[in-house]
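*Asks:* Take this structure first; my questions come after.
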Amino acid sequence: MRNIVLASSSPRRKDLLEQIKLPFEIIPSDIEENISELSGTPAKKAEQLSYQKARDVADKVQKGLILGADTIVVIDDEILGKPKDSEDAYNMLKKLSGKEHEVITGICLLDLDNKIELIQHETTFVKFIELDDEKIKAYIKSGEAFGKAGSYAAQGVGAIFVKGIKGCYSNIVGLPLNRLGNMLEKLNEKIIK
């Protein structure tokens, strides 16, 4: 298995790659996550951002496997990225309260040695419990809402908001491991030998 360059500073993606024992190093992308400037469906926008992140790092390293990913939350056709501030986080959590939403991760794998680009996405459906204002404000005060699409961490305290999940759990954490495994196999890279 060749070493992967993760084009992300996300500690959650780092943890997920460590979980499946992949050899990797981290070189974060400098790309601004400005999804509103992109065109297409939410899934296509997530794919485009994952590609931009991978391409940015590929231009720096010029060889090997580069992994880019971008996770967004979609509810009622509205894309929720990372909250800008407490008010933004509050509004996002209020929208998610008692409803089902989509978590979409665009994933891009660039094999620079063989000039192959794989770009895909994974969608997981997450249903939230009803959240009262007190719970939302306490969660925001904890600090966990920040730096995460949709203002919650399903692998943290935010798990108490999740009533149900349809699809890939690791996708809502930030990286769909099953999809990544399939993409690596297309490049003849085996996670399990």
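Yeah, the Cβs are placed from backbone N, Cα and C, and that goes for glycine too.
I grabbed these lines from Swiss-Prot:
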ACT_SITE  ASP70  active site, proton acceptor
SITE      ARG12  site 'Important for substrate specificity'
SITE      THR71  site 'Important for substrate specificity'
SITE      GLN155  site 'Important for substrate specificity'
*Asks:* Sorted by position, what residues of the same chain at least six away from ARG12 (site 'Important for substrate specificity') have a C-beta under 8 A from it?
*Replies:* ALA153, GLN155, VAL173, GLY174, LEU175
*Asks:* Long-range neighbours only, meaning 6 or more apart in sequence with Cβ under 8 Å: which ones does THR71 (site 'Important for substrate specificity') have?
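*Replies:* THR71 (site 'Important for substrate specificity') has long-range Cβ partners ALA46, VAL103, ILE104, THR105, GLY106, ALA149, ASN171, ILE172, GLY174.
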*Asks:* Reduce the DSSP letter at ASP70 (active site, proton acceptor) to three states and note it down.
*Replies:* strand
*Asks:* Sort out the sequence-distant neighbours of ASP70 (active site, proton acceptor) for me: same chain, 6+ apart, CB within less than 8 Å of its CB, listed by position.
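*Replies:* Non-local contacts for ASP70 (active site, proton acceptor): GLU33, ALA46, LEU49, SER50, LYS53, THR105, GLY106.
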*Asks:* Can you see whether DSSP assigns ARG12 (site 'Important for substrate specificity') to helix, strand or coil?
*Replies:* helix
*Asks:* Counting every protein chain present, what is the number of Cβ atoms, excluding its own, within 10 Å of the Cβ of GLN155 (site 'Important for substrate specificity')?
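*Replies:* Taking every protein chain into account, the count is 16.
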